[in-house]
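*Asks:* One structure is given below, represented as structure tokens, and several questions about it will come after.
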Amino acid sequence: MESTECVRVAVNIRPLITPELLNGCTDCITVAPKEPQVHIGSHTFTYDFVYGNGGYPCSEIYNHCVAPLVDALFKGYNATVLAYGQTGSGKTYTMGTNYSGDCTNGGVIPNVMEDIFRRVETTKDSSELLIRVSFIEIFKEEVFDLLDSNSSALLKNDSGVQAKHTALSRAPIQIRETASGGITLAGVTEAEVKTKEEMGSFLARGSLSRATGSTNMNSQSSRSHAIFTITLEQKKIAGGSCTTTEDGGEDILCAKLHLVDLAGSERAKRTGADGMRLKEGIHINKGLLALGNVISALGDEKKRKEGGHVPYRDSKLTRLLQDSLGGNSKTVMIACVSPADTNAEETLNTLKYANRARNIQNKAVINRDPATAQMQRMRSQIEQLQTELLFYRGDSGAFDELQILKHKISLLEASNRELHNELQERRVASEHFSKRAYDAQVEKDKLIMIIESVRNGKSLDEIESCQNEDVGLVNKYVSKIQELEGELLHIKNLKKTSNHQYSDDSYDVGPRSNNVLFPSSNESSDCEDKVMDVTDELEFQEKEIEHCSLQEKLDMELKELDKRLEEKEAEMKRFSSGGTSVLKQHYEKKVYDLEQEKRALQREIEGLRHNLASIPSGPGDGAQKLKEEYVQKLNTLETQVSVLKKKQDAQAQLMRQKQKSDDAAIKLQDEIHRIKSQKVQLQQKIKQESEQFRAWKASREKEVMQLKKEGRRNEYEMHKLMALNQKQKLVLQRKTEEASQVTKRLKELLDNRKASSRETLSGANGPGTQALMQAIEHEIEVTVRVHEVRSEYERQTEERARMAKEVARLREENELLKNAKISVHGDTMSPGARNSRIFALENMLATSSSTLVSMASQLSEAEERERVFGGRGRWNQVRTLGDAKSIMNYLFNLASTARCLARDKEADCREKDVLIRDLKEKIVKFSSYVRYMEIQKADLVHQVKAQTSAMKKLSADENLKNEHSMKKQETRNSTIVLEDMDTSDSEASDHEREDPDLDDEWKPEHESERESEQESVIKLNRKRNFKVGRRRSSVVMRRSYEENSETPSDDAVKSDVCCCTCSKSSSCKTMKCQCRATKGSCGPSCGCSSVKCSNRNADGKENNSISESEALENGENSQESDEKDKGQQQQVLASRGAMLLQNALADKPEEETNDDGGTRRRRKPLSDIGNTTGKSNVPRPSQRKKWKKTVLQLVPVGPPALPPTHTNTHLIPEANSVTVDSDTARMPENSDSGESNSIKLKLPRAMRSASSNGSNLLRERNADQNGSESGGNSGFVQSNSGRASGSRTSDEKENHTRRV
């Protein structure tokens, strides 16, 4: 029976594994709900079953896919389960090839073993089963036996790599092809198994011997294709539903189940394979490529109809799977895929191959024993030939009659089955009734014996005591009788069946002779052989008739013996039914009792006679009466003795009759034994005759089989020659067609050459060549595009893995923060920012996943296009030698141009490498120089600190010397204070901007002494200075007396040794300067300022710039130390203040750094902004006391600042320098020596006033009135009560402005 069906395909989607989840992989496969449909990107595939990821659960794979194959295996069909997919997709886990004896892991193979042996237990009564297993692997295109016990044991090291010497010790197995076209393995081990545990042990042993290894994608990757084969042979036992075939031969089925676990396809770049692993991967991919080509060839319906070539011989794997793919097998393919988007390309290729496999059609047939199958085919052929013969004889109604007979036969077979079932039921009922009849017979015999005992006068106690012995004897006789009856019935049935068989054989002579006398048209060429067959057949029939007559004669004798045996057994049964043995015992006991009673009575009579004789004969009445009593009693006893004698005689007569019956029974038993022995001898003779006839018949059948085999061989040769002839005809026809096509093509080419001869003369590049070149350009562009897409695919994969790690890290930080396991540091991201980052990364991951799937789809389509159009398909348009030369020249030009460009790029790269190397060397040098400068800076800072401490001591000595001169100067200045206080606000503002360094000449060490001298003046001018003080309260002074006393003045030292006596505000342009009058230059010992003085050399300016840079460095160092003590709120406030100041001023005022880290604005000389010079001889009032600190909140408003025309980047103030503290407000009085020339700037009056006042208009608004009017008790008190013209001078105003 042949059935055609397609290969069934199931897709198993495994879940994402831990490494894929860590890399941020997502599912790229979606399963349609309640449909076996899979979506990946823009592709949709439909299969028979889909498991995992929304489909059926994976545990249902066996029930849906493999269980029907096990049913087919027991029906005689070959079956195959094939697991296909990329490495790491779960093929070995699905198949269960890594079986270790534990069934909890599941898998196809363990379930198959359990199901097979469960079915074996249910069918062992009707069939004899023989199960064999084999386990092979295909490693490096060589077939090895995993169950070979002769080869050395395979040892594995810790990493799972097989040792080389053990791998070489195994001998490869050769593949052979049978005469019928099947594939066999020469020398493979086929172990016979009888239990599931035994089969599991072979599977586990082979799994341990299988080649495995570790790669980047799978720690235990299968490095070979494994095939576990289960061979099942079954023969029906007599009494089963299908015991024998119609000709009396046994029906033997032999089927195989192949369980294939393929090695996964892999890419060397992703697996990281090298060396031996790389070679193994090459062989694996080679075998899978051949398998894919076979699937493509079998799945293409057009090629299948045309009878195209299927490349089975390209690989040993495809040769072994030749029957499974397109052959005699029922096949299920399980495509194992990974849902990770990084594996989207391999997953798409696997799904495409699985979709093609659904189009493969297999033709599975029942695999019977060759001899039985041949007899079945011959019988079918005979029936067909008989039907055709009847049809060709002209009897058209015979065919219809045959169909009617076939229908009747089917009905009779159905009726036969029903009757057979009814017979089974009746047989069960008959056994039940026979058992009941047996019990009834035993009970009946028991009752008969009890009745006889009662009739014989036995008491109930005696009957019950003897009942057990009687029951055993009765059961023994009844069972013996039933056995004899069963044997007799069996002999009768055998006799009847033998008679029917002989009669059937005699009836079969006619049809056989008819079949011989009317050979079919197909055998007309072998008439002479058929005549010999007819004579042999007639001789065989005569011999068989003779044997049948002899058998009938022996059967008649056996029937007579059975009849006599029945009669004797019936008579024996009558004897046994009487219970003679029981009666004998009963009567013997009765006789013995009577004899005992007789002797007792005789003794009593003798005693009575003796007593009677001893009685005296006197006349007494007593003696007479006693004598009469004795006489009467004596008579009674004598009467009893006579009765007993009669009974004894009767019993003796019965005993004699019983002895006669016993002798008759013994004689009857002897006759029965003699008849049985004759029967046995006759049966042995019948059996011997049957054996002789069977041996003769077997020899004749063997000769017939040999002749038929030779006839089949001749017929096969004839068919082979006919097929060869037909094939040659087809080849000849194809060659003729090809020749005609080539001739036609040649004519077309000649016509094209004649038509294009003029074009080739005008130029080599014709339209056809241009089209070819464009096609080549297109192919190259496609290749480059594929390379770009693959590179981008790999880059996206790496980038996605990095983002996944970052998301995992951020989530872990969230969890730790929630659990309060870590503390929040300054550099830790806020929770909102972290959540936003996670959300953004997740969106990027989703976008990356869709991009990866799209690129994988493009790469898969490119590979498919390369497979279809690559090779010869790419050059189909090249039809002439000229086109080939043009294409080769064009390709040569492309290759040479690409090579030249590559060389140019290499040269550019080398130049860039040299440049990068030089830059790296410079970076190293500058880094070392920076470290050297930092060391020098630290040394200079240390020196400056030492010099500062020395200058403090020197300034203290100088202050003591100049105390007397300062008192006189203060007295002169106090007389002029009232005059200067009458000036207007604008004049005060101008005086404040006139000379920023006038207050530097004041010595803070003497302020405590000057306070007492100027008390009277301050009291007089308190009212007049109130308005001026309130207006100037915005300029916050936070400089303490103690801090001012620590800052020495370098100009004080210079004034003692000055050449000229010019003031610091003087520019030394007139002849009043002694240095200019003597035609000399001012020097560092002069009293004039280095910034204002125009009579100084460039060297001095350079020295001043050097000193200024040193001061800046010192200020930066101190500023860095101060910044560490300031809080976060001051930094924010300072940054906003800096923004406000930059928006308020067109040009940013230059600032200068003090030694202690404070900053102050550099003031421009009044001569540069158009104001008149203030009076140089104006007395300087005493400084204010320490001002109270106030908080200033600056709001950045106003238009954006204009870019400054010139700004020194190293003088830009820090953001935290706007809020001035008392610690940072100290300014050395010699800071004028480090100032550079200011840039001329014309500003409006209001802006000049704001800038000169330190831009503290907002502070003036928010300042505390009480804080601005008075300071601390230890500081110098400056009155703000009014505008007294004599209380404050322009120098004082300027000093206050500078300190802000």
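Even glycines carry a Cβ here, placed using N, Cα and C.
Computed from a predicted structure; not experimentally measured.
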*Asks:* For the coiled coil entry in Swiss-Prot, name the matching range from 148-183, 400-435, 580-615.
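*Replies:* Based on what Swiss-Prot states, coiled coil spans 580-615.
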*Asks:* With the cut-off set at 10 Å between Cβ atoms, which of these binding-site residues ends up with the most neighbours? Options: GLN86, SER89, THR92.
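*Replies:* Sorting the candidates by Cβ neighbours within 10 Å, the top entry is SER89.
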*Asks:* Including all protein chains shown, what's the count of other C-beta atoms within 10 A of the C-beta of GLY88 (ATP binding site)?
*Replies:* 26
*Asks:* So among the binding-site residues GLY85, THR87, GLY90, who's got the most Cβ atoms within 10 Å?
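*Replies:* Top count of Cβ atoms within 10 Å goes to GLY85.
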*Asks:* What kind of secondary structure is SER89 (ATP binding site) part of, going by DSSP in three states?
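*Replies:* Once the DSSP labels are grouped into three classes, SER89 (ATP binding site) ends up as coil.
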